[in-house]
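Asks: Encoded as structure tokens, here's the structure I'll be asking about.
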Amino acid sequence: MSKVAVMGSGSWGTGFALTLCDAGNEVTMWARRAELCDAINTQHRNVDYFPTIELPPSLRAVTDPQEAMSGADFVVLAVPSQSLRENLRVWRIPENAVVVSLAKGIELGTGLRMSQVIAEVAGIPPSRIAVVTGPNLAREIAERKPSASVVASTSIETAEALQAICHTRSFRPYTNTDVIGCELGGATKNVIALAVGMAIGIGLGDNATASVITRGLAEITRLGQALGADPYTFSGLAGLGDLVATCSSPLSRNRTFGEQLGKGRTVSEITASTRQVAEGVKSCASIQALAAAHGVEMPIVDAVAAVIAEKMTPTEMITALLSRSAKPERY
Ligand SMILES: NC(=O)C1=CN([C@@H]2O[C@H](COP(=O)(O)OP(=O)(O)OC[C@H]3O[C@@H](n4cnc5c(N)ncnc54)[C@H](O)[C@@H]3O)[C@@H](O)[C@H]2O)C=CC1
Ligand SMILES: O=C(CO)COP(=O)(O)O
């Protein structure tokens, strides 16, 4: 049994904390709001995100981040990508703890992956940093529906240690040492899911969505190869697996966001109507900048970034993608 702190009690923080409890660990969650913290401790429910799901009674919540992390062997970071840096600046991570990122985004302004932000801000060596990724829609995990997943670290020992503490009857984690590929797969599929959502919102058919998913995977793979990832990672759970889950599921916040755009709502209207994070809305710009810096062509990412910046409508986006010059199919 390990002592684990889960920093953040949104959807995925809650789903992963529940999994860690099921696997027999002592888990403490950090919640920003006292009301939510009380509800988790007294009603054993996350009333804001999963009001109908009963949480393990052993799952404890606290509002003090240092109390949550006290004595932790693993510190799991479950906050949005764009706020991770500001959080890490004030949190003091216990010495020797393994730091685990759940976030799927690329930092705006720096183009850094979350493991790089953790290393830079908290001064943690890469061998003590891990990420969790793959087809892991939080609600399904919280309902204990079966899923495979990926736990990645440049240190196989660290990846195996994380695998050992989160393997349950419904959650099957595979190790991977290609952290670059795993993080890029997780962040970039959100942008592709926005494009798929737009196609659905406009009312295009299954051929269109399959085409966007497949050409999206080609873009993700190209970017990954340019940044030093193993291309095989993208045919695995952290690539194809997560892309398919996110683009197919109405539970995906990114796909839903795109769908709303396709139906004619504006970015600010949709953002104002949900408390949940759709990471692709911000990461489309950072991924586009990263691709440009490495000379990688990513037409779907470019088109999504143009729609999010309100320089193009979703219908114009589809027209722009279809009218690109004809070429052979290649990665
Ligand atoms: N929900 C899902 O199915 C999955 C989500 N993820 C990733 O996990 C990360 C977290 O997502 P969710 O938990 O789903 O989001 P969420 O929107 O459900 O929850 C976000 C949590 O972060 C907190 N938060 C927001 N801004 C903050 C700030 N400035 N400082 C500190 N805390 C802040 C919120 O209070 C909330 O507890 C994202 O990067 C997402 O892409 C990954 C796999 C599955
Ligand atoms: O990453 C996810 C599933 O693996 C969740 O996707 P959304 O953030 O779009 O809900």
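Yeah, the Cβs are placed from backbone N, Cα and C, and that goes for glycine too.
When I checked TrEMBL for this same protein, it listed these features:
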| type | residues | note |
| --- | --- | --- |
| DOMAIN | 3-158 | domain 'Glycerol-3-phosphate dehydrogenase NAD-dependent N-terminal' |
| BINDING | Ser11, Trp12, Arg32, Arg33, Tyr49, Lys104, Ala138, Arg253, Val277, Glu279 | NADPH binding site |
| BINDING | Lys104, Gly134, Lys189, Asp242, Ser252, Arg253, Asn254 | sn-glycerol 3-phosphate binding site |
| DOMAIN | 178-318 | domain 'Glycerol-3-phosphate dehydrogenase NAD-dependent C-terminal' |
| ACT_SITE | Lys189 | active site, proton acceptor |
Asks: Mind running the binding-site residues Lys104, Ala138, Lys189, Arg253, Val277 against ligand 1 and keeping the ones whose CB falls under 6 Å of it?
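Replies: With ligand 1 as the reference and 6 Å as the Cβ limit, the list reads Lys104, Ala138, Val277.
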Asks: What's the most sparsely packed of the binding-site residues Arg32, Lys104, Lys189, Arg253, counting other C-beta atoms within 10 A?
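Replies: Lowest Cβ count within 10 Å among the binding-site residues (Arg32, Lys104, Lys189, Arg253) is Arg32.
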Asks: Mind running the binding-site residues Ser11, Arg32, Lys189, Ser252 against ligand 2 and keeping the ones whose CB falls under 6 Å of it?
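Replies: The ones that qualify, in sequence order, are Ser252.
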Asks: What is the number of other Cβ atoms found within 10 Å of the Cβ of Asn254 (sn-glycerol 3-phosphate binding site)?
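Replies: By my count, 27.
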Asks: Looking only at Lys104, Gly134, Lys189, Asp242, Ser252, Arg253, Asn254, which the record lists for sn-glycerol 3-phosphate, tell me the maximum pairwise CA distance in angstrom.
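Replies: So the binding residues stretch over 15 Å, Cα to Cα.
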Asks: Which of these binding-site residues is closest to Tyr49 (NADPH binding site) if you go by CA atoms: Lys104, Gly134, Asp242, Ser252, Asn254?
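Replies: When the Cα distances are compared, Ser252 comes out closest.
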Asks: Using Cα coordinates, what distance in whole Å links Lys104 (sn-glycerol 3-phosphate binding site) and Val277 (NADPH binding site)?
Replies: 11
Asks: Across the record's NADPH-binding residues Ser11, Trp12, Arg32, Arg33, Tyr49, Lys104, Ala138, Arg253, Val277, Glu279, the largest CA-CA distance in angstrom?
Replies: 23
Asks: So if I measure Cβ to Cβ from Ser252 (sn-glycerol 3-phosphate binding site) and keep only same-chain residues at least 6 apart in sequence, which ones fall under 8 Å?
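Replies: Same-chain residues close to Ser252 (sn-glycerol 3-phosphate binding site) (Cβ under 8 Å, separated by 6 or more) are Leu137, Ala193, Gly197, Ala245, Thr246.
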Asks: When the pLDDT values for the domain 'Glycerol-3-phosphate dehydrogenase NAD-dependent C-terminal' (178-318) are averaged, what is the result?
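Replies: Over the domain 'Glycerol-3-phosphate dehydrogenase NAD-dependent C-terminal' (178-318), the predicted model scores a mean pLDDT of 97.
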Asks: Distance check, please: Cα of Arg32 (NADPH binding site) against Cα of Lys189 (sn-glycerol 3-phosphate binding site), rounded to an integer number of angstrom.
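Replies: Roughly 28 Å, rounded to the nearest whole number.
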